[in-house]
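Enquirer: Dumping the structure here so I can ask a few things about it.
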Amino acid sequence: MDRRIFGLENEYGVTCVFRGQRRLSPDEVARYLFRRVVSWGRSSNVFLKNGARLYLDVGSHPEYATPECDSVPDLVTHDKAGERILEGLLVEAERRLREEGIAGDIHLFKNNTDSAGNSYGCHENYLVGRHGEFSKLADVLVPFLVSRQILCGAGKVLQTPRGAVYCISQRAEHIWESVSSATTRSRPIINTRDEPHADAERFRRLHVIVGDSNMSETTMLLKLGATDLVLRMIEAGVMLRDMTLENPIRAIREVSHDMTCQRRIKLANGREVSALDIQWEYHSKAVEFVERRGGDGDEVAKRVLDLWGRTLLAIETDDLELVAREIDWVTKYVLIERFRHKHGLSLASPRVAELDLKYHDIHRDRGLYYRMERAGLVERVTRDLDVFEAKSRPPQTTRARLRGEFIKRAQEKRRDFTVDWVHLKLNDQAQRTVLCKDPFRSVDDRVDKLIASM
């Protein structure tokens, strides 16, 4: 599939503190955050005029699901637009707190674990064809996804009985199955629940829930772009070496705990390889694949392959500074190590834990990642203007455009409506509904007529 539909869902951690002490419960904070949303949407589960979905997930976690995008850079832009939308809700909620005489700062964290050991996710969505065996697709992807954390982990200081350790992935400790239809109870690498949000006879939605949430735009580009390339190779029938893991769940933890990425993990055929070996194998095949298809014009693939290769080389040569501006877990590790050495702290210090958390704060004046971005210490994929526009403008080349235009007009005309990923409905006497099953289709006469009738 040369043109693919992508989507990202990010759950956010939330807290409210005053002078270091927790001030409000997550439920109370969530109510303040979503008060403005509920006032116009009459619900804490709404679709926005940029085509995205914003809602409160289990455990009072705000979740933002991007609109459908057909390019990885677009998806990165719309994911960042989600951060800005939530930051706006945060600022408004803090203003309300002050008006009501409640002292405290609200923090939204784009991470995957809290201090109590709970985990919340970043879910990636890739549209794939219905033809072919989904189980075979999953079999090839699992070793790639288990080892992919060395490219796109968010990093975490983990407190263990043997002391504090720096792990590559936040999510690795919370994954319990390779493939499953559950998302919360067993937390698989790939979720197999068959909800395509499209024509079920033509498409299937690959739902990957093993990845970390990323602050870094370049890490996000690599995570999504490398996965897309592997999918394209599988779809094109490229012969990939059998890398089936003997125990993927043990392997994902072993990889996360080994910053050298050299620890041997056992394959089902008895061979032993490292996470680096697995990633080099996929990378070399992807380079051949793009070259063979005359990929000179595919600038995104070239950028992905370049960063993929440089990241593996930086790890292999133990020269992480090579990608310290581009790879989340490396950026944060370098930041923590400099802070520790400057202040003479151990990895177990509460000040290090605070720094670890502040990296993920999406408030641009408080979050450490954004302070680094402002200082020019990290690389970008997006432009600020594009992110700002994406807060209210849907992608123009996918179904999201139809949804966004419908919502915008209905709100302007103060019409009651209901939408989901595939339906647009006017709640009038006629209950007119348009079913949009093709996520690639951005123009539809039926939708135009529905909009014109308002």
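Cβ coordinates are placed from backbone N, Cα and C, and glycine is handled just like the others.
These figures come from a predicted structure and were not determined experimentally.
The active site, proton acceptor annotation in Swiss-Prot covers D57. Residues annotated as Mg(2+) binding site in Swiss-Prot: E9, Y55, E63. Swiss-Prot lists R53, T66, W421 with the feature ATP binding site, giving sequence analysis as the kind of evidence.
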Enquirer: Measuring CA to CA, name the entry from the recorded positions E9, Y55, D57 that ends up nearest T66 (ATP binding site).
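Expert: Spatially nearest to T66 (ATP binding site) by Cα position is E9.
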Enquirer: Can you tell which of the recorded positions R53, D57, W421 lies nearest to E63 (Mg(2+) binding site) in space, using Cα positions?
Expert: D57
Enquirer: At the Cα level, what's the spacing in Å between the residue listed as 'active site, proton acceptor' and E9 (Mg(2+) binding site), rounded?
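Expert: Roughly 11 Å, rounded to the nearest whole number.
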Enquirer: Among all protein chains shown, how many Cβ atoms are found within 10 Å of the Cβ of W421 (ATP binding site), not counting that one?
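Expert: I get 21 for this one.
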Enquirer: So if I draw a 10 Å sphere around the Cβ of T66 (ATP binding site), how many other Cβ atoms end up inside it?
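Expert: Result for T66 (ATP binding site): 28 other Cβ atoms within 10 Å.
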Enquirer: Do any residues at least six apart in sequence from Y55 (Mg(2+) binding site), in the same chain, have a Cβ closer than 8 Å to its Cβ, and if so which, in order?
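Expert: Sequence-distant Cβ neighbours: S44, N45, V46, P62, E63, A65.
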Enquirer: Near the ATP site, what residues other than R53, T66, W421 in the same chain have a C-beta no further than 8 Å from the centroid of the listed C-beta atoms?
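Expert: Checked against the 8 Å cutoff, the neighbours are G7, E9, F47, G51, A52, A65, P67, E68, A400.
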Enquirer: Can you check what DSSP calls the residue listed as 'active site, proton acceptor', collapsed to helix, strand or coil?
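Expert: Where the residue listed as 'active site, proton acceptor' sits, the three-state DSSP reduction gives strand.
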Enquirer: I'd like the Cβ neighbour count for E63 (Mg(2+) binding site), meaning other Cβ atoms within 10 Å of its Cβ, all protein chains included.
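Expert: There are 20 of them.
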Enquirer: Taking just the CA atoms, what is the gap between E9 (Mg(2+) binding site) and R53 (ATP binding site) in Å?
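Expert: Here the two Cα atoms are 9 Å apart.
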Enquirer: What is the one among the recorded positions E9, D57 whose Cβ has the most other Cβ atoms less than or equal to 10 Å away?
Expert: E9
